[in-house]
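Visitor: Okay, handing you the structure first.
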Amino acid sequence: MNKFAALIIDDEPDIRALIALTLKRMELDCYQAGSVSEALTLLQERPYHFCITDMKLPDGNGLDLIELCNTRHPDMPVAMITAYGNMELAVNALKAGAFDVVAKPLDTERLRELVKAALQLTKVPANIENLPSADGLLGQSASMRALKEKIFKVARTQAPVFIFGESGTGKELVARLIHHQSARMDQPFVAVNCGAIPRDLMETEFFGHTKGSFTGANSEKSGFFRAANGGTLFLDEVAELPLDMQAKLLRVIQEKAVRSVGAEFETPVDVRVLCASHKDLGLQVQAEEFRQDLYFRLNVIQINVPRLADRAEDIPLLIRHFIRKYSQEWGMPEIMLEDSAQQALLSYHYPGNVRELENILQRAVTLAEGDSISLSDLSLSKPIDEEPDDSNPRIETNNLEAYLENIERRAITQALEATRWNKTAAAEKLGISFRALRYRCKKLEID
Ligand SMILES: Nc1ncnc2c1ncn2[C@@H]1O[C@H](COP(=O)(O)OP(=O)(O)OP(=O)(O)O)[C@@H](O)[C@H]1O
């Protein structure tokens, strides 16, 4: 008797036999069913660590079986066999909760990898209550509880996920949690801010280059995809990718292989792609700024991360957490928050979300004199509509250029402060590209 058991569901005996042979070599006990009804009988008889099902079965379809297994056997990963190139079906299977999909004709090497990954899940806690609470995503509001539940569910599949939310809401934290609760947890997690990579370096940063492939390529570079091999690649601010890079990315995701700059052949890569943006990718597609085919590939499952202002009941918990964190960091006893400061924090609007609250408290703990934080230690910024109206400024200068530079500097600094120095979000606010903002910051010496 082996440690693991697998259930193979397919009406073609030859395919069942091929899968069983591969799985037995991996030391799994194999049980076979040729129809949904046979599968349901076997599912009642014993637990399985892995299940693989064909889409079309004589008395039903694999999608219904996946949904049923998700309800009755939520710990068992179910993979689905689909016809080669049927993207829509593959996406539907993942949306229905399939662990992963594998195309016909079956590639036994790919099947082995998939099974190995599925069995890794036996190491991951089987229900959300058993996860260590120190995982970092704080919040007890209904929207945060729903978010954690969804993270837990998608972590148990290989499906691509698009994480949508305003800047500073915790999108990267969500991506890290998905990785750490997934079958890939022992493999690398590589986070990339797509808006921060200079355009002419993008290809080598993503796909690497061979030694001597261009002047200055003195050594080989592996690139993000190969660095994340076996693990998870997190593409933050994915909407910032230029269209030509989007086409290259799509190809790598479809082919599961990368070709480095200067390389003759492609190298296979096994990477789960998670991505995030504060922009609505659907709208970007409509505006023809984002490829629809890539959008369908990346946005198989969407996770929405709530704004902090929409879950105000979590603010006290976060305040305590950040005060404790920064008091400990400075090696001082936990500092108190004066009532007026607490009230101000509870009613503040947080355009920069949790990152802004964290920055406010980090600064306040550092600046506070004595053992408490006062209202003035918080230096909260005013909502935009309370700012002085300077729509019609008087020009009192004989140096127009310096005057305009001053206005530009002020607008940029305000946008940066409002977004807690997140350049991608600040550029968005100002209606200019990330690159244009970087250029202007350099020119105006804004750090
Ligand atoms: N729910 C939370 N609990 C604890 N810390 C949080 C939470 N959400 C965010 N943070 C903290 O806030 C900061 C910003 O989070 P993160 O970088 O994940 O946001 P983001 O949405 O990816 O931002 P951006 O869009 O600007 O990249 C981090 O220091 C993170 O640890």
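Note that Cβ sites are derived from N, Cα and C of the backbone, with glycine treated the same way.
Pasting the feature list from TrEMBL:
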DOMAIN    5-119  domain 'Response regulatory'
MOD_RES   Asp54  4-aspartylphosphate
DOMAIN    137-366  domain 'Sigma-54 factor interaction'
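For each feature listed, report its degree of burial, its nearest neighbours and the pertinent distances within the displayed model.
Guide: Over the domain 'Response regulatory' (5-119) the predicted model carries a mean pLDDT of 91.
The 10 Å shell around the Cβ of Asp54 (4-aspartylphosphate) contains 22 further Cβ atoms across the protein chains shown.
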Visitor: Counting by DSSP, what is the helix, strand and coil composition of the domain 'Response regulatory' (5-119)?
Guide: 55 helix, 31 strand, 29 coil
